[in-house]
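Input: a single structure, listed below in structure tokens.
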Amino acid sequence: MDKLKKVLSGQDTEDRGGLAEVADASSLSWSTRIKGFVACFVTGILFSLLGTLLLWVPRKGLYLFAVFYTFGNIASIGSTVFLMGPMKQLQRMVEPTRLVATIMVLLCFALTLCSAFWWHNKGLALIFCVLQSLALTWYSLSYIPFARDAVKKCFSACLA
């Protein structure tokens with residue numbers, strides 16, 4: 001369990017200096033981090049589900065769906081900040097293995113909201129929500145060793 005704590009908080013590969021010890025002294029405890037992660041992740045899921053339910057509201061349903069669904073996904077990604085810390089999360093988001101996935105997720109977030117509010121195109125907003133889910137799944141798979149390769153092999157075997 002200690003190894004998992006070190007890996008998730010980014011401490012297993014860092015050289016522990018005086019500044020890192022000061023940062024650790026003022027950081028949240030492990031149990032508080034887990035509680036924050038769970039609370040933020042569950043909030044994200046609830047927002048996404050609420051957005052799906054609000055899709056059926058007349059006239060404003062799509063706008064509410066786009067907002068709640070996007071904010072739900074943002075909260076779900078933001079939940080990992082509790083485990084790793086904000087700087088480590090940002091550093092991992094721009095690593096070469098997940099940079100394209102990060103850009104796609106953020107782009108889909110923005111395009112979903114743009115298509116709902118500025119372009120007023122319901123079909124496009126739904127397409128971007130689907131793309132948002134796919135991009136978020138691909139981004140999440142980048143944190144699991146060899147998961148992307150397994151998914152690629154599975155799809156290539158199904159399509160062959």
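Glycine is treated like the rest: Cβ placed from N, Cα and C.
Keep in mind that TrEMBL annotations are predicted by a computer and have not been checked by a curator.
These features come from TrEMBL:
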{"type": "TRANSMEM", "residues": "36-57", "note": "transmembrane segment"}
{"type": "TRANSMEM", "residues": "63-87", "note": "transmembrane segment"}
{"type": "TRANSMEM", "residues": "99-119", "note": "transmembrane segment"}
{"type": "TRANSMEM", "residues": "125-146", "note": "transmembrane segment"}
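Among the recorded stretches 36-57, 63-87, 99-119, the one sharing the largest number of Cβ pairs closer than 8 Å with the transmembrane segment (125-146) is 99-119. Within the chain, the transmembrane segment (99-119) has long-range Cβ neighbours (under 8 A, six or more residues past its boundaries) at 62-63, 65-67, 69-70, 73-74, 77, 93, 125, 127-129, 131-132, 135-136, 138-139, 142.
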